[in-house]
Amino acid sequence: MCDSIRVQFRSIQKMVVKMKKFFRSLGVGGSSSSRFQHHIPEADSAPSSKASTPPASPPPDSPPSNSAFSALPTRPRKKAEALSDAVESRGHLAPPSLVSYANATLDQLRRNEPISESLRLMDIENLPHLVRSYDNRLNNLNLRSFDTPGQFLHDLSRWHKTGLPLRAVVRLDEDPRRWHRVAFDVRNHESGHTTIIALEPASAYNPDHMPGFVKMRENLTSQFGRKISFAVIEAEALKSIGGCVIFSLDYALAAYQERSTFDQWHKDLRKKGNIKGMTPESQHLNELGVYLLKGTRLLPANFYKHAHSRRTIDELEADQPGASGTDVRSGRAAVYKESLSRRLEEFQVQRDKTYSMSIEASRARKIRHALES
């Protein structure tokens with residue numbers, strides 16, 4: 001009986017050895033095999049100490065949610081949902097006008113429609129709230145908003161004496177029928193000279209805009225004499241009526257983000273009267289004291305992340321090869337690289353025309369920041 005059991009046991013051992021050899025031949029098992037080892041997803045793995053840049057692109061978009069903003073592409077939908085959450089959690093602590101502004105923005109995003117005139121007016125009314133939230137958060141930003149050119153000129157005299165930089169969103173024309181806003185980046189130099197770089201998100205050649213720049217230059221000369229230099233950079237990223245308030249706020253913040261570049265431009269403007277040796281777009285305007293430059297020739301790619309049109313990105317790429325592939329992600333929470341081309345695709349909507357709604361998502365984000373600050 002015992003002999004019979006031993007024979008059966010040896011037979012089983014031989015069978016096990018044969019099975020192991022068979023599986024090894026398939027690459028399964030053994031210390032060197034990895035085909036069936038447990039896989040740890042990258043997102044759950046500890047980050048590499050050598051990692052300095054984010055992955056090139058995010059995973060595929062999640063399927064449309066059942067939220068009230070499901071008509072929007074994934075990226076702007078998430079920003080709308082984040083604003084909606086902020087209204088619910090922080091709205092009772094915020095100024096009523098800011099809450100109404102947030103709700104009007106959410107309503108526009110929910111309908112997935114172009115910006116209305118009433119929302120543009122709310123941009124103007126609530127701009128001080130948005131400006132304050134950023135100025136309180138960013139060191140030495142010195143961001144202000146001005147409802148008239150006269151208010152800006154009056155306050156500029158005070159800043160002129162401090163020697164501090166100033167960034168501002170300024171209404172370009174005294175005419176109450178004209179709402180257009182632009183961003184001003186200002187440096188007050190030790191020599192007593194002041195340099196101003198105006199950032200026009202649309203076209204400075206627009207007949208409704210250029211008279212404001214010429215008049216501003218005249219008033220600056222009257223106030224400061226020869227101790228003032230004034231440049232205008234037209235980005236032509238804004239292609240729709242309205243939107244200038246949020247665009248200009250974004251440009252003031254972008255100038256702060258790119259302040260080392262702007263510091264050098266201001267030095268050039270003070271010492272040489274030009275920026276990077278670039279010739280003005282219009283000799284006639286230059287004779288009037290308005291040094292006009294084309295934005296696609298020199299502005300960093302970050303200034304075009306909210307551009308409405310593919311054509312604008314193509315022009316930027318033609319003037320600055322490689323710019324359309326530049327990583328323009330922002331914020332501490334940014335995980336993936338984001339090129340201008342990819343952003344244009346991810347924020348594209350089809351309404352009366354096909355264009356990027358990135359600036360609308362930026363409005364939602366800026367309002368959320370104001371609610372949470």
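Glycine is no exception: its Cβ is also placed from the backbone N, Cα and C atoms.
In Swiss-Prot this protein carries:
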REGION    29-89  region 'Disordered'
COMPBIAS  43-54  compositional bias 'Low complexity'
COMPBIAS  79-89  compositional bias 'Basic and acidic residues'
ACT_SITE  His180  active site
BINDING   His180, Lys239, Ser240, His308, Ser309, Arg310, Arg311  CoA binding site
ACT_SITE  Glu200  active site
ACT_SITE  Cys244  active site
Are there residues at least 6 beyond the ends of the compositional bias 'Basic and acidic residues' (79-89) whose Cβ is under 8 Å from a Cβ of it, and what are they?
65, 67-69, 72, 99, 102-103, 105-106, 109-110, 361, 364-365, 367-368, 371-372
So, three-state DSSP: helix, strand or coil for Glu200 (active site)?
strand
Pairwise CA distance, Cys244 (active site) versus Arg310 (CoA binding site), rounded so that it is a whole Å:
19
For His180 (active site), just count the other CB atoms lying within 10 A of its CB, please.
20
Would you find the one among the binding-site residues Lys239, His308, Arg310 whose Cβ has the most company, meaning other Cβ atoms within 10 Å?
His308
Reported in the order helix, strand, coil, what are the DSSP residue counts of the compositional bias 'Basic and acidic residues' (79-89)?
11 helix, 0 strand, 0 coil
Cβ-based isolation winner (fewest other Cβ atoms within 10 Å) among the recorded positions Glu200, Ser240, Ser309, Arg311:
Arg311
Using a 10 Å cut-off, grab the number of neighbouring Cβ atoms around the Cβ of Cys244 (active site), all chains included.
26
Distance [Cα-Cα, Å, rounded] between Arg310 (CoA binding site) and His180 (active site):
24
May I ask for the distance between Arg311 (CoA binding site) and His180 (active site), taken between their Cα atoms and rounded to an integer number of Å?
23
Max Cα distance spanning His180, Lys239, Ser240, His308, Ser309, Arg310, Arg311 (CoA binders), Å?
24
Indicate whether Cys244 (active site) is helix, strand or coil by DSSP.
helix
If one measures from the C-alpha of Glu200 (active site) to the C-alpha of His180 (active site), what distance in angstrom results, rounded to a whole number?
10
